[in-house]
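Asks: Input: one structure, supplied below.
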Amino acid sequence: MELNKKGLLIVISGPSGAGKGTICKEILKKNDLWISVSATTRSPRDGEVEGENYYFLTKDEFIKKINEDDFLEYAEVYGNYYGTPKSKVIEKLNDGKDVILEIDIQGALKVKENYAEGLFIFILPPSMEELKNRIIKRGSETQESLMTRFKSAYKEINYVSKYNYAVVNDDLNTAVEKIKSIITAEKCSVERIKNNIFSKERLIHEQLND
Ligand code: ADP
Ligand code: 5GP
C-alpha cells in the first residue's frame, strides 16, 4: 500500500560542473521518476536536443511565458534565462509521480518558498580544482563563460545550508547511490506521510482497493 499519494518534488542543484546532469541521467536509468525539461534562452550545445535537454526559446518568447505565468520558477543564470514549465510538474505530482527539477540555486530557493515540502539536495564537487577541471573537460564553455561559472561557484556553495541534504560527487556511483537512499528514506518520513497515516478513512479505502 502506498502511503504517499502525491509525488515527491526532488530539487537537485549546485554549481555548474558539479555533476548534476550526469547524476540525474544515472538516477533516471533505473528509477521511476519524471524529470522536468526546462526552458532556456541559452544556445544549444553540440548534441543537445530541443524538448529533451531544454526548450530553447528566444528572449521574447521567454518573457511572454513569464507574463503568462507559465513558470513554476525562473531565474537569470550566468547571463541567460532558465525556467521550469509549471503545468506539467503540477500534473505529474498530482498523479503521484516523483518529479526531479535540476535547477540553479536561485530557482531552488524560489521553489522552497512556495513548496517547502520538496526535497532539496545540493551537489558539491570534491574540490574547486576538480570543479574547474570538469567544466573544462566538458568542453561546453568559452573561456569567459567558464570563468563566470567558476567564480559563481564560490558564492553558490554558501547556500548549501538552505538545503535538506548535501552530496559530494566524488565517485559518481557512490553519489548516485546516496541520492537514491535519500529519496527512499524521505518517502518513509513520518512527517511527510502522517496526514495519510492518520486518516482512518483513507486507510480503509486503500485496503479495500489494494
Ligand atoms: P552540471 O550538470 O552540474 O553542470 P555535468 O553533469 O555536466 O555538471 O558534469 C560536468 C562534467 O563533469 C561532465 O563532463 C561530466 O562527465 C563530468 N563528471 C560528472 N560527474 C563526475 C564524477 N563523479 N567524476 C568525474 N567526472 C564527472
Ligand atoms: P547549463 O547552461 O549548464 O545547462 O545550466 C546552467 C545552470 O542553470 C545550471 O545550474 C542548471 O541547473 C540551471 N538550470 C537549468 N534549468 C533551470 C531552470 O529551469 N531554472 C533554474 N532556475 N535554473 C535552471
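Note: Cβ is positioned from N, Cα and C throughout, glycine not excepted.
So TrEMBL says this about it:
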- 7-184: domain 'Guanylate kinase-like' (DOMAIN)
- GLY14, PRO15, SER16, GLY17, ALA18, GLY19, LYS20, GLY21: ATP binding site (BINDING)
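For the listed features, I'd like the structural context: burial, neighbours, distances.
Replies: Taking a C-beta cut-off of under 8 Å and a sequence gap of six or more, GLY19 (ATP binding site) has these contacts in its own chain: ILE123, PRO125, ARG134, ASN169, LEU172, ALA175.
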Asks: Averaged over the whole of the domain 'Guanylate kinase-like' (7-184), what is the pLDDT?
Replies: 96
Asks: From the binding-site residues listed here (PRO15, SER16, GLY17, ALA18, GLY19, GLY21), select those whose CB sits under 6 A from an atom of ligand 2.
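Replies: Near ligand 2, sequence order: SER16.
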Asks: Find, among the binding-site residues listed as GLY14, PRO15, GLY17, GLY21, the one whose Cβ has the highest number of other Cβ atoms within 10 Å in the structure shown.
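Replies: Selected residue: GLY14.
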Asks: Of all the binding-site residues here, SER16, ALA18, LYS20, which one's CB has the most other CB atoms within 10 A?
Replies: ALA18
